[in-house]
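Novice: This is the structure I want to talk about, given as structure tokens.
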Amino acid sequence: MTSFSCSSNVSSTLLISIWVSSLIIASAGNFYQDFDITWGDGRAQILNNGELLTLSLDKASGSGFQSKNEFLFGKIAMQLKLVPGNSAGTVTAYYLRSEDSAWDEIDFEFLGNLSGEPYILHTNVFSQGKGDREQQFYLWFDPTADFHTYSILWNPQRIIFYVDGTPIREFKNLESIGVPFPKNQPMRIQSSLWNADDWATRGGLIKTDWRQAPFTAYYRNFNADACIRSSGASVCNSNSPGNNDNAAWLSEELDSTDQERLKWVQRNYMIYNYCSDTKRFPQGLPEECAVNNSS
Ligand SMILES: *[C@@H]1O[C@H](CO)[C@@H](O)[C@H](O)[C@H]1NC(C)=O
């Protein structure tokens, strides 16, 4: 793996021009190499020489893992296969999060359901400790039948959530109108499977059926095109096979086809949008809603 290292206090314009000029080829992810199991006392396992990771949940505990690296911008992809059958009450979370008390966070959360009833994909964006930006979706497939790719593009201009390459949500950098945007705090990838039957399924109406335990979720094919922080420096790399333009993700945006697909998802699969919830914000919708609410 070739990589380019640079000090973090150079201006971002200079960094970007340096990133653009560095060409890198690297290997695919391995769970032993890229992640630490953080809790669950044996309920999280890395299998198949590091190619597969499983999380499980039973009445005593859930489990979780996090990336060894901290990222400051990146295009992060993972394939997940969610808890099958009756998964009501369980939540599988997969997100980026920084450590400070005024933390940044970019969330995917999968809320389980009774057999045959749809999961909810819950998303949120926190900047400087403030979230309250939920959007929820149904999926156009059964996320328990097979692996699907869930990605986060996080660059200085925008955050985009993708499902199998289809954009489902965009959160733009609107610092120009006073909306804080996550761009100074490095984040780790975190994931966990836990019991949240007080709210997850039909707002807490349906409880976890412990007779179905242990519940298991599966992870594979992690990939990060990202800037990795280590001892104050930033190393940017690209793991995408055949990726010749190492830094394309740093300025990536939705083209007109992507924007159509995003609208299609929001029209047909979005079931909650904080930007439409006028009751919740009697003082007026958050500023970003005027720009980000494309539905
Ligand atoms: C579970 O299924 C019910 C009934 O179809 C639906 O209203 C709900 O949105 C589904 N998902 C969750 C997580 O509650």
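Each Cβ is built from the backbone N, Cα and C atoms, and glycine gets one as well.
So TrEMBL lists the following for this protein:
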- 1-28: signal peptide (SIGNAL)
- 25-219: domain 'GH16' (DOMAIN)
- Glu105: active site, nucleophile (ACT_SITE)
- Glu109: active site, proton donor (ACT_SITE)
- Asn113: N-linked glycosylation site (CARBOHYD)
Novice: Which of the three DSSP states, helix, strand or coil, fits the residue listed as 'active site, proton donor'?
Specialist: strand
Novice: Give me the CA-CA distance between Glu105 (active site, nucleophile) and Asn113 (N-linked glycosylation site), in Å, as a whole number.
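Specialist: Between the Cα atoms of Glu105 (active site, nucleophile) and Asn113 (N-linked glycosylation site), the distance comes to 25 Å.
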Novice: For the domain 'GH16' (25-219), would you mind checking the mean pLDDT of the predicted model?
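Specialist: On average, pLDDT over the domain 'GH16' (25-219) sits at 96.
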Novice: Just to be sure I understand the packing, how many Cβ atoms besides its own are within 10 Å of the Cβ of the residue listed as 'active site, nucleophile'?
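Specialist: The answer is 19.
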Novice: Using Cβ-Cβ distances, find the residues under 8 Å from Glu109 (active site, proton donor) that belong to the same chain and are at least 6 apart in sequence, listing them in sequence order.
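Specialist: Sequence-distant Cβ neighbours: Val91, Thr92, Ala93, Tyr94, Tyr95, Leu121, His122, Thr123, Asn124.
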Novice: As a test of the contact definition, list every same-chain residue at least 6 positions from Asn113 (N-linked glycosylation site) whose Cβ is closer than 8 Å to its Cβ.
Specialist: Ser87, Ala88, Tyr119, Ile120, Thr201, Ile206
